[in-house]
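Asks: Take this structure first; my questions come after.
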Amino acid sequence: MYEPDPGSHERDAVSPEAGTEEQQAERALRPRTLDDFVGQERVREQLSLVLHSAQRRGSAPDHVLMSGPPGLGKTTLAMIIAGELNAPLRITSGPAIERSGDLAAVLSTLQEGEVLFLDEIHRMARPAEEMLYVAMEDFRVDVMVGKGPGATAIPLDIAPFTLVGATTRAGLLPAPLRDRFGFTAQMDFYDPEELERILHRSSGLLDAPMDAEAGAEIARRSRGTPRIANRLLRRVRDYAEVRGDGTLTLDTARAALDLYEVDASGLDRLDRAILDSLMTKFRGGPVGLSTLAVAVGEESETVEAVAEPFLVRSGFLARTPRGRVATPLAWNHMGLTPPPDAAFGAGVEADTGTGASVTP
Ligand SMILES: Nc1ncnc2c1ncn2[C@@H]1O[C@H](COP(=O)(O)OP(=O)(O)OP(=O)(O)O)[C@@H](O)[C@H]1O
Ligand SMILES: [Mg+2]
């Protein structure tokens, strides 16, 4: 039986975000070169061209924007870019830039050719955004001196640099900012075979021998996300060390992941509770979001923002104008038989991934 944990929507095992401790663990597993970076073939090839042609010309490459969901390798790629260029890397983030002065301080101290990584770029303060446009285009910042009507802008040249921006919400970037990036890398979820390769690489680095079946099993449960794959790998490794001989086998992988309630398709307790309610209490839907949320004892926002994106993306849940509907795949996955008149999401609206559309 699903019991919500009041006050905490932590979903340790399958959350795409990294906790503070996890960031430490991740550092050790980060690939350092483009060759070590698994998957995202198109992005890798395009990026490699951008970087190496700039190197040939002896100039700083175009600014690069990386967009995509959490845990897919944006920070990793930013570091690889600096590494491939053999350039120093400066790291800051949108929330750290509250005033344009914060940005001016960073920009005016960049060295020639330096890579500036601006994480969560969509969260930067508006006035700083405008300063950034000019810096990106003309390698110049206008420093404001004085206040009010007497204020003057003093132009200051800065060293040519390469901006690498990362965002999980490209849609929130103002068009003039987006347009100033010469190259946008759109990161996609990984397929299980790519995740397996990542897992084998990580198991080597962690000195935790893993057989092929275990790798495939962990990959299947990782929701297309390298961060989740590496996290599940560490959980299975812990299990294998304490309950086994340290080798990661299919059995240890299954036992460990069952213990952490990550099922064969990567669904966790909340995901399963939602599907279960939808099927057993509402005949598979359609049912409104808020009704469904009450049925599982969670806030609507949690259901919508935390659980639904993956359920929809993997085809377990459909969002229709009349409410949420369990798909045949979901009935099958939960081992339940749909009633003969089940709706099955007829007239399903295509999910645009914006999460903004239907919330009856
Ligand atoms: N293509 C890849 N090959 C190997 N490992 C990867 C790859 N992509 C990501 N990883 C691993 O996944 C973890 C998370 O990646 P990263 O921190 O780069 O994600 P992110 O996109 O920046 O996430 P966020 O949006 O939360 O900042 C890292 O530890 C990294 O080692
Ligand atoms: Mg990151």
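We number each residue from 1, going along the chain as drawn.
Backbone N, Cα and C atoms are what each Cβ position is placed from, and that goes for glycine too.
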Asks: Quick one: which of Y190, Y239 does TrEMBL put in the ATP site with L29, R30, G71, K74, T75, T76, E137, D138, F139, R180, R227?
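Replies: Record check against TrEMBL: ATP site with L29, R30, G71, K74, T75, T76, E137, D138, F139, R180, R227, extra candidate from Y190, Y239 is Y190.
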Asks: Which one of the binding-site residues (F139, Y190) has its C-beta surrounded by the most other C-beta atoms within 10 angstroms?
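Replies: Max Cβ neighbours within 10 Å, all protein chains included: Y190.
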Asks: Per DSSP, E137 (ATP binding site) is which: helix, strand or coil?
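Replies: Looking at the DSSP assignment, E137 (ATP binding site) belongs to a helix.
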Asks: Among the binding-site residues listed here, L29, T75, E137, R319, which has the most company in the form of other Cβ atoms within 10 Å of its Cβ?
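Replies: In terms of Cβ crowding, the pick is R319.
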Asks: Report the same-chain neighbours of R324 (DNA binding site): residues 6+ apart in sequence with Cβ closer than 8 Å to its Cβ, ordered by sequence.
Replies: L278, G285, P286, V287, G288, L289, L292, E308, L317, A318
Asks: Quick one: DSSP breakdown of the region 'Small ATPAse domain (RuvB-S)' (191-261) into helix, strand and coil?
Replies: 51 helix, 2 strand, 18 coil
